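J.: OK, Swiss-Prot features for this one:
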type    : residues                               : note
BINDING : Gly164, Arg165, Ser166, Ser189, Val230 : NADP(+) binding site
Amino acid sequence: MAKIIDGKAIAAKIRGEITAEVAKLAAQGITPGLAVVLVGEDPASKVYVSMKEKACKDVGIFSDEYKLPAETTEEELLQLIDKLNKDRKIHGILVQLPLPKQINTEKVLEAISPEKDADGFHPYNVGRLVIGKPLFQPCTPYGVMVMLKETGVDLAGKEVVVVGRSNIVGKPVAFMCLQQNATVTLCHSKTRDLAAKVAMADVVIAAVGQPEMIKGAWIKKGAVVIDVGVNRVGEKKLVGDVEYEAASARASAITPVPGGVGPMTITMLLYNTLESAKRR
């Protein structure tokens, strides 16, 4: 059976380090500040925002929440972002996605100052990531890389197969693996013979949002499996993008769902906010 990569335990360790760093800054009169902007009443978004608020409080980061009505105009949101860009108490800005349809998401993300882009989605930060000189790295893929490092996985020379090419996870994590000298294959909906691609991987990173799409039988014996997917099946069951039980029988290490990558995402958001405050 595979070793379980415990995201909760790794996140707790990193948060302990963040708490200590925040306390050091506080002794110098600096409190890292994160502004979280929520537009509308999306239930999942409200849950995520409250989790981020609690996480900030737990490590000593100042959290400023802006909850705007669903009918907020694009111009009103851009004005708020401009104000937050100029606010010296704020070191990180996060706009919770998805946004209502009357607001252009791309325009909003581009309006955030690259130096306060705690989510790492600004084109400037994406470009820096691609050339190997990152300022902010997107939180979920960053969390994946930290998990691999903490598990003792050296990517140099390894075959890494990333399934899913989203701008939020798939593409950035592929570039991050490339910078660690892995040989990366990025698979997507038009990829031919996905099973054969996955079967050659030393490390599989699944981020497609399709319940148990990647079959356990595809996994090479001894491979490491990182499952970013969180999919609801029925009323209460959560599953990943990988067939967990069958994959566990073949993999050397695997992340569970829930309790794997999820806890790392908010942890890396806290880390990005801390790093921004240290740069000031």
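Even glycines carry a Cβ here, placed using N, Cα and C.
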J.: Any same-chain residues 6+ apart from Gly164 (NADP(+) binding site) with CB under 8 Å of its CB? Would you list them in sequence order, or say none?
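T.: Within the chain, Gly164 (NADP(+) binding site) has Cβ neighbours under 8 Å at Gly170, Cys187, His188, Ala206, Ala207, Val208, Gly209, Val228, Asp241.
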J.: Which has the fewest other CB atoms in a 10 Å radius around its CB: Ser166, Ser189, the listed binding-site residues?
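T.: Across Ser166, Ser189, these binding-site residues, the one with fewest Cβ atoms within 10 Å is Ser189.
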J.: Near Val230 (NADP(+) binding site), which residues of its own chain have a C-beta under 8 A away, given they sit six or more steps off in sequence?
T.: Leu238, Gly240, Val257, Pro258, Gly262
J.: Widest Cα span across the NADP(+) binders Gly164, Arg165, Ser166, Ser189, Val230, in Å?
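T.: For the residues that bind NADP(+), the greatest Cα distance is 18 Å.
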